[in-house]
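K.L.:
Sharing a structure with you now.
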Amino acid sequence: MSLVCYESSSSGEDDDETISDNPRMLKVPKLQESFHELYKKKPKTFDSPEFHEGRIRGQKHIEGLWFVQTYLEVDLSKKVKKGIREFLNSQSRFQSLLCSEHNVPRRLHLSISENYRINYSTKNQLVHKWEQYTNNLNYRTLKFRLGKMCLLFNDEKTRMFLAFECKFSDENYKDLISHASDCMKEFTNRNLREDFLLHISFASSLTNEDEYQNWVSQDRESHFFKTMNEIINTKIQKDQFSESFIVDSLKLSIGHLIFTFPFCK
């Protein structure tokens with residue numbers, strides 16, 4: 001017994017009928033050009049402060065161009081870190097770079113080149129150049145010590161840094177910097193700036209163009225100049241910062257990728 005009553009398919013009288021009475025489907029009108037422009041794929045940027053610890057990027061991050069940083073990673077001793085913290089506690093303008101915004105300890109960087117951008121498709125070429133170079137070095141380590149304190153500004157004049165100048169104990173570092181400069185020249189057609197300074201930044205603060213001008217002009221009537229001058233000339237216990245540091249590898253950061261090249265002999 002069937003649950004549903006229906007006529008047998010073999011007994012239908014309308015088998016030869018064709019369905020031709022359906023109304024013709026109307027075409028959807030084309031969208032206006034402004035709509036296509038609205039959703040047109042554009043270069044992605046990652047300039048929101050949430051990507052940069054609350055800071056606004058001075059230079060836009062454009063899709064396909066990857067940020068390059070070449071540096072020596074420095075693990076400061078407990079004594080030096082303690083000295084830095086004590087020094088920073090004596091003022092309120094600068095924030096320590098020894099920890100992230102989430103209070104995660106991090107190592108500091110001694111940059112051996114300016115930061116620059118390369119096309120993503122050329123990143124393997126840059127990595128290969130550093131592999132070849134570090135595999136043919138005639139030394140295993142570089143030794144340096146901290147020099148005097150200085151105040152530095154980024155190119156956009158939006159941030160300033162407290163830093164220690166770095167003094168190397170031999171001449172090997174010069175060839176390393178020369179190679180880094182050659183890489184930047186090859187991939188960006190830019191030369192290393194003449195005032196490039198080997199340094200380790202340990203604290204930062206927001207700033208602006210007016211403060212930068214007050215500093216470079218050494219405007220002694222400026223409250224900002226007098227305050228910053230007092231900070232970098234603060235008498236600190238030199239024995240806390242007199243240690244020598246040894247590094248045995250180079251770091252190359254390309255976008256979110258980090259490559260380590262040990263110094264081989």
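For all residues, glycine too, the Cβ spot is worked out from N, Cα and C.
This is the feature table in Swiss-Prot:
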- 1-22: region 'Disordered' (REGION)
- H109: active site, proton acceptor (ACT_SITE)
- H109, L110, S111, D195, F196, L197, L198, H199, I200, S201: AMP binding site (BINDING)
- L197, L198, H199, I200, S201: UMP binding site (BINDING)
- H199: active site, proton donor (ACT_SITE)
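Buried or exposed, and what's around them? Tell me for each listed feature.
P.N.:
DSSP classifies H109 (active site, proton acceptor) as strand under the three-state reduction.
Taking Cβ-Cβ distances under 8 Å and a sequence gap of 6 or more within the same chain, the neighbours of F196 (AMP binding site) are S113, E114. Classification of F196 (AMP binding site) by DSSP places it in coil, neither helical nor stranded.
With a 10 A radius on its CB, H199 (UMP binding site) counts 20 other CB atoms from all the protein chains.
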K.L.:
Roughly how many angstrom lie between the C-alpha atoms of S111 (AMP binding site) and H199 (UMP binding site)?
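P.N.:
Distance (Cα to Cα, whole Å): 7 Å.
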K.L.:
Give me the count of other Cβ atoms within 10 A of the Cβ belonging to I200 (AMP binding site).
P.N.:
22
K.L.:
Can you name every residue in this chain, apart from L197, L198, H199, I200, S201, with its Cβ inside 8 Å of the center of the Cβ atoms of the recorded UMP site?
P.N.:
L110, S111, C150, L152, A163, F164, E165, C166
K.L.:
For the binding-site residues L197, L198, which one has its C-beta crowded by the most other C-beta atoms within 10 angstroms?
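P.N.:
Answer returned by the neighbour count: L198.
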